[in-house]
Amino acid sequence: MLAWPAPLLPTLPGPGPVLRLFDTARGEVVATTPDRVARMYVCGITPYDATHLGHAATYLAFDLVNRVWRDAGHGVHYVQNVTDVDDPLLERAERDGEDWVVLAMRETALFREDMTALRVLPPDDYVGAVATIPRIVVHVETLLDEGLAYVLDDGTGDVYHDVAQAPGFGEESGYDEATMLALSAERGGDPDRPGKRNRLDPLLWRGHREGEPSWPGPRGTAGRPGWHIECAAIALDTIGMGFDVQGGGSDLVFPHHEYSAVHAEALTAAATGEKLPFARAYVHAAMIGLDGEKMSKSRGNLVFVSKLRGGGVDPMAIRLALLSGHYRTDRAWTADLLTTAESRLATWRRAVVRDTGAPAAPVLAGLRERLADDLDSPGAIAVVDAWAAATLRGTGDGTGTGDGDTEDGAPAVVADAVDALLGIDLFGAALQDG
Ligand code: ZN
């Protein structure tokens, strides 16, 4: 599937430091340990609606991961999926009397536009679930052949993974059974369905239902795949086991990331006899709220990136507003947040068009140090704020109390650092403003 165009990425002097991130499975901040090419999988959208600010915040957090790794000298193999067939997509198409394929294509196109406008580095592999179905079928057949999956005995043809035989089950989220049962019921699982061996067994394959699209399935049973096996199959196809970061919103901690990992680990054990971890770290971005509530479809309180853009809001201000909070902190979107970001952007732009400014080296070092520390974007922004204030005062020391050194060409270096590390282009609108 086509991704979106890559923004220019300036190269900065010298390599940045090792990136440390909070790993949900270990419950602490750990150093990432990528090989020459770092490998990252971030769960993509189900394209039934436009990109809201909660989505945007998640993809911006992992865009920082991508940028910090590249600055540290790594290549990055970034994979993202599109859940282009799933219950919410089919339900929305049914509600609106629209072809589900057309709906998915339109919303995926809009997502690409939003990501391009926000200057998110595109994935190297952008993979749709539908295109992956033939490989998913092989995987489900393998789990059936190994006795690790079973067909429900009610004539539906639905296939479940038997988690009692999955030794790593629970290692990603660390949740107890009661929590898992509650979240399963809340987030698309079916813990109370009769006939399952274990209430927490996840659906691998859904047999054909009247009015739903279907494909040839395991052992000749037509239907469509479960959600978690899609991401397991796509990751196995593209970056393989033991990749560096599995990313997504915090609502994917359970069940989605737990089950994707369990499926892939079971398939790998079946093929090689080895128990290898799916990912080295599971990293989750917090939720964005509005008016005191989590932004979500069910609450109907979504703010769309495309609506803001359509209303003339600079995408760089949206990006800066979302990065002004830490990615692991649930936070609210407010009009004030956007106004503050617009004003900050204007200040930064006034500073970077100067020929001389406060020295650039401490800014570059500060940005790198803050972002490598579990993506402390508010700390990184404070570093640039101090530089811009000192530069606009014409003093170089950043304290406003003395007349420290200024440096020719520093503003251009800072602009490159802000672009490469925070993904914020400071020149586009500055030139228009004259
Ligand atoms: Zn996923």
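Each residue's number is its place along the chain shown, starting with 1.
Note that Cβ sites are derived from N, Cα and C of the backbone, with glycine treated the same way.
As the structure is a computational prediction, the values presented were derived from the model and not from experiment.
For the L-cysteinyl-5'-AMP site that TrEMBL gives as CYS43, GLY44, ILE45, THR46, THR58, ASN81, VAL82, THR83, GLY249, SER250, ASP251, ILE288, the extra residue drawn from TRP100, TRP215, TRP227 is TRP227. Ranges compared are 186-191, 216-221, 402-407, and TrEMBL records motif ''ERGGDP' region' for 186-191.
Residues 294-298 are the range that TrEMBL records as motif ''KMSKS' region', among 254-258, 289-293, 294-298, 354-358. In this structure, the binding-site residues THR58, SER250 were compared by how many other Cβ atoms lie within 10 Å of their Cβ, and the smallest count belongs to SER250.
In this structure the alpha carbons, written CA, of ILE45 (L-cysteinyl-5'-AMP binding site) and CYS231 (Zn(2+) binding site) are 12 Å apart.
Cβ packing within 10 Å was compared across the binding-site residues CYS231, ILE288, and the lowest neighbour count falls to ILE288. Checking the binding-site residues CYS43, ILE45, TRP227 against ligand 1, the ones whose Cβ sits under 6 Å from it are CYS43.
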